[in-house]
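Enquirer: Sharing a structure here in structure tokens format.
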Amino acid sequence: MELSLVGLQNAGKTSLVNSIATGGYSEDMIPTVGFNMRKVTKGNVTIKLWDLGGQRRFRTMWERYCRGVTAILYVVDAADRDSVPISRSELHDLLTKPSLSGIPLLLVGNKIDKSEALSKQALVDQL
């Protein structure tokens, strides 16, 4: 199974990958430059996780690393209200790519535990 994690910078993609891999969380994350790949085995299932950089200069790579994957996880920082419109635009741009047609996409609202986070419904409505 192959999953690509995409979303704007600081959305929490690398933290999510580390949480899947180790079951833990660390505050000390450095921004992903380009991409990182990590293989995780859970039981008899091996998952290849593509953690793609979210800075503007790396967003053009998203389509390339999403082609042929089992699913795409689009991660949004629900606590960064200013980034949601940009995240919406990038999400809609990704959804128009013919090469990604038919690949399931899961929208992950991250950081919803923070006091400043949008509610689940508000996040859905804005995206």
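Backbone N, Cα and C define each Cβ position, glycine as well.
On a predicted model such as this, the values are computed, not experimentally measured, just so you know.
Features from TrEMBL:
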| type | residues | note |
| --- | --- | --- |
| BINDING | GLY7, LEU8, GLN9, ASN10, ALA11, GLY12, LYS13, THR14, GLY54, ASN110, LYS111, ILE112, ASP113 | GTP binding site |
| BINDING | THR14, THR32 | Mg(2+) binding site |
Enquirer: Return the residues near LYS13 (GTP binding site) by Cβ distance under 8 Å, restricted to its own chain and a separation of at least 6 in sequence.
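Expert: For LYS13 (GTP binding site), the qualifying residues are LEU5, VAL6, GLY7, THR32, ASP51, LEU52, GLY54, LEU73, VAL75.
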Enquirer: With DSSP assignments reduced to helix, strand and coil, which class does THR14 (Mg(2+) binding site) get?
Expert: helix
Enquirer: Going along the chain, which residues six or more apart from LYS111 (GTP binding site) have their CB under 8 A from its CB?
Expert: GLY12, ASP77, ALA78, ALA79, ASP80, ALA117
Enquirer: What does DSSP assign ASP113 (GTP binding site), in three states?
Expert: coil
Enquirer: Which residues in the same chain, at least 6 apart in sequence, have a Cβ under 8 Å from the Cβ of ALA11 (GTP binding site)?
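Expert: Counting only residues 6 or more apart in sequence, the Cβ neighbours of ALA11 (GTP binding site) under 8 Å are GLY54, VAL75, VAL76, ASP77, ASP80, SER83, SER87, ASN110.
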